[in-house]
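Asks: According to Swiss-Prot, the protein has these features:
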BINDING   19-26, 81-85, 136-139  GTP binding site
BINDING   THR26  Mg(2+) binding site
DOMAIN    10-214  domain 'tr-type G'
REGION    19-26  region 'G1'
REGION    60-64  region 'G2'
REGION    81-84  region 'G3'
REGION    136-139  region 'G4'
Amino acid sequence: MARAKFERTKPHANIGTIGHVDHGKTTLTAAITTVLAKAGMAKARAYADIDAAPEEKARGITINTAHVEYETGNRHYAHVDCPGHADYVKNMITGAAQMDGAILVVSAADGPMPQTREHILLAKQVGVPNIVVFLNKEDMVDDAELLELVELEVRELLSSYDFPGDDIPIVAGSALQALEAIQGGASGQKGDNPWVDKILKLMEEVDAYIPTPEREVDRPFLMAVEDVFTITGRGTVATGRIERGSVKVGETIEIVGLRDTRSTTVTGVEMFQKTLDEGLAGDNVGLLLRGIQKTDIERGMVLAKPGSITPHTKFESEVYVLKKEEGGRHTPFFPGYRPQFYVRTTDVTGAISDFTADDGSAAEMVIPGDRIKMTVELINPIAIEQGMRFAIREGGRTIGAGVVSKILQ
């Protein structure tokens with residue numbers, strides 16, 4: 001059977017449901033697909049189908065994630081939902097499922113709970129830029145004042161983590177009632193059923209409030225060097241996958257990391273032994289570089305648009321440390337611990353100087369399974385930017401994953 005061609009007629013965005021356990025994230029995901037399926041803009045997915053999320057690996061870590069896709073009138077969405085809390089933590093830190101925005105699900109009957117807070121904090125630290133709130137289980141709250149109180153509490157909580165709590169759209173509804181309405185024969189048309197309308201209203205807010213992300217190809221050029229070789233009579237070629245942006249023959253680029261930054265001109269772009277005029281984000285290419293010796297460039301450096309990225313050694317990061325059962329360490333570690341930090345294509349040794357818990361207090365040690373903020377100092381400068389992901393390794397095995405939250409020097 002021929003594979004269906006992916007028609008890219010609408011702008012694309014990646015979103016996901018976040019929030020406390022049992023507040024209705026998966027039911028909402030099922031309700032969105034079921035309601036939109038009525039308009040032919042999604043494939044209806046049942047709760048059980050989403051809940052049985054397949055395992056996947058990201059940066060050496062196993063995570064359970066369900067991926068669904070659907071469309072609204074304006075956009076195409078890829079939506080992720082995780083069955084367990086630990087899966088959210090791992091997913092957001094590894095960036096396995098990048099989110100341009102999130103739907104925070106809060107039970108109107110319970111209000112914000114510990115994981116509500118933790119997911120908002122995580123969203124802030126890993127750089128999920130926009131949040132829309134769905135107050136679920138509205139059918140279980142008889143008192144309109146109570147609903148207003150919960151809304152106020154959610155807005156204050158979001159503001160306390162530097163999200164614009166006063167401006168964030170909050171839609172109240174019931175995912176279960178909407179699902180049951182469609183199963184009971186509701187059309188999915190606006191105005192036919194009040195519970196279905198609330199799901200449609202939520203998607204209108206998501207469409208309007210979460211901005212369309214800049215396409216990778218429109219961002220500044222960056223390619224991590226994977227391999228380097230010499231072509232006799234032509235010069236030095238660096239190969240790798242273009243992470244973002246584009247590169248054309250004749251353009252000036254910088255070689256960043258491990259040594260002093262230097263400029264060079266791209267004299268050729270090749271892919272699969274064919275020459276191209278330009279390489280785009282996602283392409284695996286070889287770039288021929290003018291005036292560069294094979295010894296001047298090595299794996300772990302990046303090629304980038306001049307001035308777009310700089311080398312650093314010291315940064316703050318949010319890290320998830322693998323449990324023993326996940327293949328991680330069996331024992332805790334302390335400040336001064338020196339593992340390898342695997343960034344893009346290479347391992348760099350770094351020392352961990354201090355740990356900070358969520359409440360801002362200093363932690364004395366880190367136990368496998370913890371999520372912690374830590375300050376890292378690498379022995380060699382490499383191209384680092386806020387929001388960049390890395391793995392922490394020890395003797396070649398992954399013991400943790402992290403994301404850069406702040407560059408220090």
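Cβ coordinates are placed from backbone N, Cα and C, and glycine is handled just like the others.
From a predicted model like this one, the values you see are computed outputs, not experimental measurements.
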Asks: Under DSSP, is GLY19 (GTP binding site) helix, strand or coil?
Replies: strand
Asks: Are there any residues at least 6 positions away along the chain from GLU138 (GTP binding site) with a Cβ closer than 8 Å to its Cβ? List them or say none.
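Replies: Listed in sequence order, they are ALA108, LEU147, ALA172, GLY173, SER174, LYS198.
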Asks: Return the member of GLY19, CYS82, HIS85 nearest to THR26 (Mg(2+) binding site) in space, with distance defined Cα to Cα and candidates limited to these binding-site residues.
Replies: CYS82
Asks: Taking the Cβ of ASP22 (GTP binding site) as centre, how many other Cβ atoms lie within 10 Å?
Replies: 13
Asks: Tell me the Cβ neighbour count for THR26 (Mg(2+) binding site), meaning other Cβ atoms within 10 Å of its Cβ, over all protein chains shown.
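Replies: Within a 10 Å radius of the Cβ of THR26 (Mg(2+) binding site) lie 23 other Cβ atoms.
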Asks: How do the residues of the region 'G4' (136-139) split into helix, strand and coil according to DSSP?
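Replies: Breakdown, helix to coil: 2 helix, 1 strand, 1 coil.
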Asks: Can you count helix, strand and coil residues in the region 'G2' (60-64) using DSSP?
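Replies: Split into helix, strand and coil, the region 'G2' (60-64) gives 0 helix, 4 strand, 1 coil.
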Asks: For the region 'G3' (81-84), how many residues does DSSP put in helix, in strand and in coil?
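Replies: So the region 'G3' (81-84) is made up of 0 helix, 1 strand, 3 coil.
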